[in-house]
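Copied over from TrEMBL:
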- 144-274: domain 'Fatty acid hydroxylase' (DOMAIN)
- 60-79: transmembrane segment (TRANSMEM)
- 100-120: transmembrane segment (TRANSMEM)
- 192-217: transmembrane segment (TRANSMEM)
Amino acid sequence: MATNESVSIFSSASLAVEYVDSLLPENPLQEPFKNAWNYMLNNYTKFQIATWGSLIVHEALYFSFCLPGFLFQFIPYMKKYKIQKDKPETWENQWKCFKVLLFNHFCIQLPLICGTYYFTEYFNIPYDWERMPRWYFLLARCFGCAVIEDTWHYFLHRLLHHKRIYKYIHKVHHEFQAPFGMEAEYAHPLETLILGTGFFIGIVLLCDHVILLWAWVTIRLLETIDVHSGYDIPLNPLNLIPFYAGSRHHDFHHMNFIGNYASTFTWWDRLFGTDAQYHAYNEKRKKFEKKTE
């Protein structure tokens, strides 16, 4: 009985979203995107799309999302939005980070990306335009992937902070006490594998089209680079997401080393009380800012 009620609720919600979607003006980018997608399917093999296409998407998005934060260090006006103002980025640290990123991306992540094609073949994941999911279903599955990844990240990240193993693996990521966007994937190779597993769990469970791979990597990179940016920018649209952690939440983790273990949302830290020090620090910060106004 309960199952039938759940199905009815989801069906009603789906119909409501479809109705709202029908009222929206036609997306002017849909036709060019459709043409580009079909051109890709007609000129490249599935292996090339799943492997090299995924690598290009990852690299292009990663460094594109890092670019604003990189440029902020040269704009004096943006300094007031930097969270740890006393710890500016240095060329030495950024170059070191870039070299480690290249190693992780091409020696650790690329072999994993090569398995994407075999994953899509084994599970008969479609590539064609006709079975491309509607935007709201795609968004819902990306949200599901984010919840799964966030849960995995919280518990495994907290484990990596255990005093017996911290110095062997996770300490690498904490070399920079004041994070910057490019540092988001700066990590020990084992950490890349351990925490990266959370990214793939949602794909294995929820993927119904290859586009989900690229949509989910887009959202995940946007989020992780944002929380590592080191800047708290006003009117950041990501902060409108309920329970979104944001840059201040994760910046405190790098500054304090203890607490705020979640990657995207705040609920696990709230549930287990691992954000208590963060809230106490925020209260002191707000009181200090009021006194200095």
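Using N, Cα and C of the backbone, Cβ positions are placed for all residues, glycine too.
Unlike curated records, TrEMBL annotations are generated automatically.
These numbers come from a predicted model, not from an experiment.
Across the domain 'Fatty acid hydroxylase' (144-274), the model assigns an average pLDDT of 96. Broken down with DSSP, the domain 'Fatty acid hydroxylase' (144-274) shows 87 helix, 3 strand, 41 coil.
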